[in-house]
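Listed in Swiss-Prot:
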BINDING   Asp309, Asp313  Mg(2+) 2 binding site
BINDING   Asp309, Asp313  Mg(2+) 1 binding site
MOTIF     309-313  motif 'DDXXD motif'
BINDING   Glu460  Mg(2+) 3 binding site
Amino acid sequence: MAEKDKYRPLANFPSTAWGCSFASFSSSNSDFELYTREVETLKEKVRPMVTASTKDPLENVQIINLLYRLGVSYHFENEITDQLNHIFEIIPNHIISDDNDYDLYTVAILFQILRQYGHKVPCDVFNKFKNSDGKFKKSIANDLKGLLSLYEASFLSVHGENILDEAIAFTRPLLESFADQSSPHLAKYIRNSLLRPHHQGIQRVEARQYISFYEEDESRNETLLKFAKLDFNRLQLLHKQELASLSRYKKYIAQIIIWEDLNLAKELPYIRDRLVETYLWAIGAHFEPQYALSRAIIAKYTTIVSAVDDTYDAYGTLDELQRFTNAFQRCDIDAIDELPDYMKVLYRALLNFFDQIEDEVDEGRSYSTSVAKEAFKELVRSYYVEAQWFSDGYVPSFDEYMRNGLITSTYTVLPAASFIGMENTVGEKEYKWVQSNPKIVKAAKIICRLMDDITTHEDEQKRGHCASSIECYMKEYGVSEKKAIEEIQKICANAWKDMNEECMKKPPTVSRTLLKYYVNLARVIDFVYKNLDSYTYASSLKGDITTVFLELLPV
């Protein structure tokens with residue numbers, strides 16, 4: 001065996017920031033039921049606010065915006081859809097006309113909420129805030145509320161909407177200046193928005209931040225605030241129960257999936273032990289109670305996929321990786337004898353995962369586990385391609401790298417498995433749609449692959465790794481690292497526009513729930529990989545995990 005085939009690119013990843021913190025958590029069903037009763041009581045008080053007919057549709061939109069930002073709009077999806085369908089019929093032409101007296105904040109909120117729910121309000125609505133020379137009017141430069149709303153709304157742009165790109169460039173420096181001069185409370189809110197606009201943030205994290213901000217608003221609606229707090233605490237309790245169950249590797253709380261005792265971190269000390277972070281990934285995909293099974297699948301499967309990724313990237317020799325790749329193409333327990341002992345743990349975990357899922361799927365849905373298995377076979381083949389590239393010192397073209405990299409993004413394998421827990425949303429038609437690699441699915445993979453590369457490539461190159469998209473771009477186009485990153489960030493921005501475009505397509509190809517799922521996957525990546533590899537250096541997520549999973553809101 002050649003010496004290069006025996007090389008181990010050890011990473012020495014940081015240990016878990018949580019240990020067994022969540023395993024000891026326990027609560028009775030009565031706690032959750034008590035919260036649920038209180039939430040249901042307040043929900044009936046809030047419902048008339050959503051369904052009320054008003055002379056000015058702005059009042060309805062402002063309530064919907066509040067519900068959305070406070071994280072409770074999921075309770076009223078049908079009512080909100082009906083309201084916005086009606087508003088969209090009457091609003092666009094009115095707000096485009098020059099004779100309306102809507103200010104910047106009003107226009108931006110109408111634009112943002114309608115687009116958020118799939119209605120493509122034309123970007124021309126912002127022309128009234130420009131001078132004849134095409135520049136934004138100086139008169140709006142002191143309107144903090146309007147500037148923030150314009151900034152947030154601009155991230156719902158699609159291709160060709162230059163005015164929204166200009167709006168981001170116009171508002172950002174002004175908002176940075178406001179942040180420097182504002183009270184600590186307001187400055188924090190502005191800086192959170194500048195770091196990550198609401199449209200690109202994880203919904204639970206965004207809701208927690210906004211509840212704290214709204215609590216300081218003198219014009220706050222006390223009923224809405226209490227409703228949001230109680231519902232946040234209710235969901236936190238549910239999520240904490242799920243996480244505790246996962247942490248103990250015992251029977252899943254809904255008694256649907258049973259996991260054997262399997263401590264991957266103990267058996268495979270070189271991997272990143274990130275169960276808590278993978279569960280954050282799961283609630284980022286969907287936090288609502290009805291998706292408990294899908295969350296369990298995402299968290300457990302991501303833990304296993306992460307261990308396989310670390311094996312290919314940071315431990316396995318080329319010979320061992322080839323054996324593992326070949327073994328999983330058979331997907332048979334008999335192939336385990338061909339593997340070194342440490343790989344047998346991973347291989348057995350994978351087969352157990354698929355066996356347990358297969359036992360639980362409803363009759364007529366066996367195709368779902370077949371799709372998940374085939375996706376994983378493709379993933380390990382692509383992981384092995386990267387290992388070969390590194391071993392051979394080969395730097396592919398950017399396009400060749402991306403063809404393989406969209407697969408190693410894991411945004412094919414993770415949805416394929418998590419859909420098993422979404423049977424009311426994802427059927428055979430939806431699986432076929434996903435396999436056709438539509439624009440929104442490809443965009444989520446692009447964002448995942450490239451944002452990951454931007455923050456991880458330096459560490460990976462130091463320890464030994466195949467060229468990332470950054471190195472491939474630098475070599476192909478003869479540019480600096482800084483320039484390559486700038487161009488790749490533009491590709492990510494365009495991918496977001498692709499996602500927005502797909503979400504506003506009429507009629508929609510698939511349900512809004514499924515479209516939102518892919519937007520949420522992109523949001524998770526932005527949260528985890530913006531400016532830092534927070535999956536590897538997970539202590540950076542500790543504050544957000546604490547507020548989302550551990551700290552109850554005082555009511």
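Cβ coordinates come from backbone N, Cα and C, glycine included.
Within the same chain, residues 9, 11, 13, 268, 270-272, 321, 324, 343, 346, 380, 383-384, 386-387, 408, 410, 460, 465 sit at least 6 positions outside the motif 'DDXXD motif' (309-313) and bring their C-beta atoms closer than 8 Å to a C-beta of that stretch.
On its own chain, Asp313 (Mg(2+) 2 binding site) has Pro9, Ala11, Tyr383, Glu386, Glu460, His465 as residues at least 6 apart in sequence with a Cβ closer than 8 Å to its own Cβ. Counting other C-beta atoms within 10 Å of each candidate's C-beta, the binding-site residues Asp309, Glu460 are led by Glu460. In the three-state DSSP scheme, Asp313 (Mg(2+) 2 binding site) falls into the helix class. Per-residue pLDDT, averaged across the motif 'DDXXD motif' (309-313), gives 95. Under DSSP, Glu460 (Mg(2+) 3 binding site) is assigned to a helix (H, G or I) in the three-state scheme.
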